[in-house]
Amino acid sequence: MDVANKSTVSEFFLLGLSDSWELQMFFFMVFSLFYVATMVGNGLIVITVMADSHLHAPMYFLLTNLSIIDMSLASFATPKMITDYLTGQKTISFNGCITQIFFLHLFTGTEIILLMAMSFDRYIAICKPLHYASIISPQVCIALVVASWTVGIMHSMSQVIFALTLPFCGPNKVDSFFCDLPVVFQLACVDTYVLGLFMISTSGIIALSCFILLFNSYVIVLVTIKHYYSRGSSKALSTCTAHFIVVFLFFGPCIFIYMWPLSNFLVDKILSVFYTIFTPILNPVIYTLRNQEVKTATRKLKSRFLNFNKASPS
């Protein structure tokens, strides 16, 4: 991606969230704690599912992949932001900025399709339980995960190709703590109105359409639970509620940011922080607190670890 020579801008300056030194130190501590918690929480889910044979089921296979994506989403920009608060160096190279755009859209695009796959899994499990084993096979689960990453790669490449065609001839101050098209394209030396329409059509409408589809599927599932299940419905209801909370928390900020790409409000920064830093840590909290099987498997894993330490020689 040696394209910097085609533009007079070789690097961008990230304005971050605040110019106040006190607030920057506060953000450093808070975001550092959230980042560590995100990696530990999602990593624990991955290890727990892999270690417990009772969790070797399609839903938990998809959940493991969601945790991997969340760890990746939390890592594409947060470590640099944390480091920038310490060093005071808030610049990023042109190629580094394009790389952040690529990985942001790769992980968000992949997560969108994976959340739809998880919705499909719950729909079949509750609405067509007798056919679940034949429809949601291990091969189908792998195909869904591969499809999610394929769509993510295709989406991110389209955004990168679009960004590389933009002419940057002067302004280089990005009003955020990472590079994303809604803020970067406003620095291009072209009419941003047309670019805003492109942003809405390629990202905003896609995200909104996927959210409406997911919302309708969960409504069908919840109605099915209410009408056809008298016993054991609390577990299914809890699982679906947890899934929908994750969907709402992830799609809400994305839809707002990409449906109004020309806005310049502080709320855009807050929402960016939310879906890149807060949402990845909320996912393991929501799933572990509302899922008895995961909590039981986690306690077993903890007991095995403690017993191993006691048995090992000092």
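Each Cβ is built from the backbone N, Cα and C atoms, and glycine gets one as well.
Lifted from TrEMBL, the feature list:
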TRANSMEM  25-47  transmembrane segment
DOMAIN    41-287  domain 'G-protein coupled receptors family 1 profile'
TRANSMEM  59-78  transmembrane segment
TRANSMEM  98-118  transmembrane segment
TRANSMEM  130-147  transmembrane segment
TRANSMEM  205-225  transmembrane segment
TRANSMEM  237-258  transmembrane segment
TRANSMEM  270-289  transmembrane segment
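Here the transmembrane segment (59-78) lies next to the transmembrane segment (130-147) in space: the count of CB pairs under 8 Å, restricted to residues six or more apart, reaches at least 3.
Tertiary proximity for the transmembrane segment (130-147) is limited to same-chain residues at least six positions away from its ends with a CB under 8 Å from its CB atoms, namely 58, 61-62, 65, 113-114, 117, 120-121, 124.
Averaged across the domain 'G-protein coupled receptors family 1 profile' (41-287), pLDDT in this predicted model comes to 84. Outside the transmembrane segment (270-289), and at least 6 residues removed from its termini, the chain residues within Cβ reach (under 8 Å) are 17, 31, 34-35, 37-38, 41-42, 44-45, 63, 66-67, 70-71, 73-74, 76-78, 104, 108, 176-178, 180, 242, 245-246, 249-250, 252-254, 256-257, 295, 298.
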